[in-house]
Amino acid sequence: MAVNVFTILQLAVFAAIVLNVNLHSVSADSKGTSDSQDSTKSIKVDFCETNCTKTDGGWTGCTGDCICVSVGDSIEGRCMDFG
């Protein structure tokens, strides 16, 4: 009787492992390219020749179609064109 219980437990563990591996492979296959990664919806970004700084009234230094982009709370940034 003890052998039968041990065999049943082994089969149950084996079935759980196979089921887990099967579910993992199915979910990994379902992760295709999302719409946000579609190359037809990408934007073109160019660096402009100037940098920019934050003053009391706002950001200054960018010309033309360039806008100032900064990181965090920095008072210095880089002018970029999102044409």
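Placed from the backbone N, Cα and C atoms, the Cβ positions cover glycine too.
Residues annotated as disulfide bond in Swiss-Prot, with similarity to another entry given as evidence: CYS48-CYS66 (among others). In this structure, CYS48 (disulfide bond) is part of a beta strand by DSSP. The 10 Å shell around the Cβ of CYS48 (disulfide bond) contains 18 further Cβ atoms across the protein chains shown.
Annotation note: CYS68 (disulfide bond) sits in a strand segment as assigned by DSSP. The disulfide bond annotation in Swiss-Prot covers CYS52-CYS68 (among others).
According to DSSP, CYS79 (disulfide bond) sits within a strand segment. Residues or ranges marked as disulfide bond in Swiss-Prot (evidence: similarity to another entry): CYS62-CYS79 (among others).
ASN51 (N-linked glycosylation site) has a Cβ environment of 14 other Cβ atoms inside 10 Å. Here Swiss-Prot flags ASN51 as N-linked glycosylation site.
What Swiss-Prot records for 1-28 is signal peptide, and it gives sequence analysis as the kind of evidence.
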>> My understanding is the cutoff is Cβ-Cβ under 8 Å with a sequence separation of 6 or more in the same chain; which residues meet that for CYS52 (disulfide bond)?
In response: TRP59, THR60, GLY61, CYS62, CYS68, SER70, GLU76, GLY77, ARG78, CYS79
>> Give me the CA-CA distance between ASN51 (N-linked glycosylation site) and CYS66 (disulfide bond), in Å, as a whole number.
In response: 10
